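First the structure, in the form of structure tokens, and then the observations on it.
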Amino acid sequence: MHTSNPIRSRIIPSKFFSPVSSLPPVGKVTPSAAKPPQVEPITISPPRPDAQVPTDSSDDSIAAAFWDYQSLFVSQRSETTEPIALRVVDGVVPPDFPSGTYFLAGPGMFSDDHGSTVHPLDGHGYLRAFEIDGGGGEVRFMAKYVKTEAHVEEHDEESGTWRFTHRGPFSVLKGGKRFGNTKVMKNVANTSVVKWGGRLLCLWEGGTPYEIESRSLDTVDRFDLIQDKDNDSDSDQSWGGDMWILAAKVLKPILYGVFNMPPKRLLSHYKIDPQRNRLLMVSCNAEDMLLPCSNFTFYEFDKNFKMVQKQEFKIPDHLMIHDWAFTDTHYIVFANRIKLDVIGSMGAVGGLSPMISALSLNPSKTTSPIYLLPRFSDEKSVGSRDWRVPVEAPSQMWLLHVGNAFQVKDVHGNSHIQIYAASCSYQWFNFQKLFGYDWQSGRLDPSIMNVKENESLPHLVQVSINLDSNGNCQKCSVETLNEWKTPSDFPVINPLFSGKKNSCIYAATSSGSRKNLPYFPFDTVVKLNVVTKSSSTWSVGPRTFIGEPIFVSKGIEEDDGYLLVVEYAVSIQRCFLVILNPKRIGEDDALVARLEVPGNFNFPLGFHGFWATNN
């Protein structure tokens, strides 16, 4: 069971960090502070950039903290040509493990051969696949880059060299074209992956997904699954006035033609409704990034990838959405509110700063608007409530990732909506410092994810909304999930329970055992039971971290299955695939098996994964 371990942050100040290009690895964090994080300074100088990676097991030294943080993002130039059988180093692959493949998306390339480095979010997509044969006790590994249009342009296949030509939304090139460079939307297909309707797709936040051949991991081509043409909304006054209609008309040819942005920006987070056997996706209009109006289009696809439903909503607010939720009757959008930064925009357009610096957070409201959008056109299913009026959650939060949402109705037609998610504070989140990356120097700063005010960091929350029979909100509350206050992210559940009432949530969190890296990178899987209000954990060894856990179901009980998580043993520069028993989290025998990835294929921290069972 988890025991609290309050540790004050003691981190290497950012002034000590060396450029990414001069380090063997590049490190990862998540969103940074809008105000300078309050960290305790240290008096010991960090290791020289050309120093050797510490190989001792101690995790208390400044040198270990420095190198461990950087090591989570190291460019990997190798790809597999054939599947590689992984060696079992602990336990055994269980014979009842469902046969299938765990696909993990994430960036793989951060530095080119001409002096340019890019933000981790702009790193080229590197797809990893673990094919598991439970009956045979074998796991085979493959990894290849997604050959996007940007990848083909920036990578010379014959020489194996890289030259970055695209700025990317979060980066500024140092060794490439900087001024007048309109190659901003660098579709790197690095954020998430899904297999649906016989197709394997890699997604990115601002472009068309790429289809991948699931056995070889070869890139097929872009897959335009929504095929929406630009809709002229001049006659729609929901924009809020003629001024914004005119602004949209001016922006569209610039964004579409000059910056090559797609008219509709497909979000990388999708949902699967197991009850209806549907894939749910959502897009925004390109101009929404710069105007105080958000256009959301929700799509639902059947098992054959046929679009069976499409719903459009225009919300008069300037929003930046990464993840969202659904229930039987609603799409749920948390209003992460943003605004145009005029000064930042001038620098961004001129190539002096990343394009994302054109935007900043808008913390002007003390509450968090939540939009409950009717999923179906049948008015009886949603009542008479105007969906344009948001539910106001009584605290300010920036939503990061959703674990699950569901809706329960009573005999009188009243509804209770429950949402489990990870959120952070507006005061901490900062577009220009995501992952602790400094675009001016190419440096990474772990203090961003280890501030003393840890309540502002990503943490797990429970949002409860009560609606009457007409859909009107009677009450909305936000609580720390199970009183679990340790910084955490990547909440997941048994996917068979998506959209319906569930009891167990799993997430990545920290044991708090490292005085120099107390909160991030994550080193622990936490299991939270929302019925019993209990919490239990499983942690990795010294100088080792984990990514997003994923649940593989094998029965009808909610915790009947296995958890998969990738373990990053940075002290020995190795990656391991770990299989855990969800029912035994918190016990000594939770570990089922650990398999080693060969050292030459040690890969950077992934973002989001998908488990595809063999049919």
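Cβ atoms are placed via backbone N, Cα and C, with glycine included.
Positions annotated as region 'Disordered' by TrEMBL: 27-57.
For H322, H401, H608, the entry in TrEMBL reads Fe cation binding site. The local packing around H401 (Fe cation binding site), expressed as other Cβ atoms within 10 Å of its Cβ over all shown chains, amounts to 20.
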(request) Tell me the Cβ contacts of H608 (Fe cation binding site) under 8 Å, same chain only and six or more apart in sequence, or just say none. (result) L104, A105, G106, T191, S192, V193, S268, H269, E548
(request) Restricting to the same chain and to sequence separations of six or more, state which residues have a Cβ under 8 Å from that of H322 (Fe cation binding site). (result) E205, L267, S268, H269, N336, L399, L400, H401
